[in-house]
């Protein structure tokens, strides 16, 4: 039997589980929007969901010889372990009912909100139960603030749905006086068809122009196609189903936990605990049986006014069957990987895989156009919900990891994101003249452009590596603002000329001037904050440079005696206090108290210069402004360029960080490749960071190809997001002087003004 024995392996399981469990809902929602009955889809899905469990059990569950207390899958089928089996089957029942409920909730509420709200409820209830079932192996002071954030995400998700329903009502109001009269809307579909129809010049037939995402015409067109009609439904019906599914999901992981760990000691003496593969098999069998029974019932007695069907009609309905079968495999393997990870890392921590709504939201916005053309209120609520969800997941972060280890992990998923984008969006649809697909372009003679893309990867990798050290020395807020401002000052100026001046110079360059002022203000913020920290520490030690004395002082400061165990317990220092600064210095990998302010600013400026080069290099790679390609060779598509860019970024990162393992800078301790592989603490977050950066860069380049790279550099507004995290999570600038606060606010205001001016300069590439 294969066992996940390291925390690193557990985190890898959870990351793949995150991807699989975040994708399968989008597949089923896609089929419902194309008109396939949810009963038919779920029956197909259930077959391969069970198949995945059988495959996992007969391969990983049978791998190797039996071990004491850990029999292989088939051996355990004959043992007297029915109390644990029943818990596994209960988990299968509630999961099956929860999944079945979400099929209807996706249509009524939307994929993004359903996944966030149900996952948040799952964590609030399920993680709390798992915390106690796991004998409190997870840290309560981190776990429960995260649970509170999930609760807030539930409330925000409900408000998003209500606001979006109101937006849709307004969009449709100009087409019909009665929103509830669904029949009127469906009949108006034909008007929208005629309105958008045009003559095909070759055969004279009318051709339908697809409605744009978010328009009233699109909503009507979607309503006509989909199997579950939503126009006449109350918003509370969808939310009620969503909450019900969340409660079901919250119970299945604790049930599985009880099945594999027997916390109630129900097994007879000498009978080993149910191994994860056996439990998952029983769990999936019960899930399958419940799904088959309920969906066959719903074929003949449908809910929500769906049309009646039959077994014969289901068998004949092959449209979309392949997608439904794929969804079952994704869900099955996703659940299996989650349970394997939970067995090693604790099921409460494994519930971090509930970050899957971030994956589902990506698909919902990209494929289904959810929330396109919505009101500002809806967008604010949607972003707030997702931010709160990310904050909740981020409470599992651990500190003090070597930056070399972190960046090596980050580089892996950063490249993986580029590969995913290239093989999906880059291969979507047929190749067009001058616009070949990704794989086609790999074989073309386009090396001049490829080299520009690779240069962009080199400078970005060096810039990202530099900022890891600058964040510690200067602080996240200032580094991001100063680095991004330098990026815009140099990079945007270069892109303006490379883009043949499609952006408005009278807007662009005043914005560049504002960014320059933001750079100066950022430097002053860092200097002022360093002075504030020096004053805070002065009363603890006569010499600010004597870092060792201050760290030693920390060991006794704030300690008290635990009345039950008689041991000393450390009170958590408040953000912004001298005690907090000392405690942070003791934890962190890069020591900062004895470093000069100019070292951090120098690294920050260097990283900004590196960042300023990568966007112009990518611009040259995709648009060939120097006409280096041979005649007839199409320009490098954004997906192909991004692939080469990321591959080079990966190579540089691996080489430099392996060197820094053995020859570290800034007095960091030496490490080794073996030590890196063994360091699983925080690996999941580093891998997640790579995905976020990879997909973020890909989306920036896609936007720049359309609007001009000078305007796309407005994505440098990212420091506003980073500053939010810096202040919320790390307590940057807490208890600082009035001068520091004035400079910080001035820097951020100047930065916002600069970004606004830059966005106003946007043009469009012809």
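Glycine is treated like the rest: Cβ placed from N, Cα and C.
Those TrEMBL annotations? Automatic predictions, nothing curated.
Small disclaimer: the values here were computed from a predicted structure and weren't measured.
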Original post:
What range among 489-507, 508-526, 527-545 does TrEMBL describe as transmembrane segment?
Top reply: 508-526
Original post:
Hey, which bits of the same chain come close to the transmembrane segment (81-98), Cβ under 8 Å, at least six residues off its ends?
Top reply: 46, 118, 244-249, 251-253, 255-256, 258-260, 262, 264, 266-267, 271-274, 278-280, 282-288, 290-291, 294, 335
Original post:
Is the number of Cβ-Cβ pairs under 8 Å between the transmembrane segment (641-663) and the transmembrane segment (684-703) three or more, considering only pairs separated by 6 or more positions?
Top reply: yes
Subject >> Close approaches to the transmembrane segment (322-341) from elsewhere in its chain (Cβ under 8 angstroms; 6 or more beyond its ends) >> reply: 4, 9-14, 16-21, 23-24, 27-28, 30-31, 36, 40-42, 44-53, 56, 60, 95, 99, 253, 256, 260, 276, 279-280, 283-284, 350, 353
Subject >> Closest-packing stretch to the transmembrane segment (684-703), where packing means Cβ pairs under 8 Å, from 42-61, 408-426, 508-526, 741-760 >> reply: 408-426
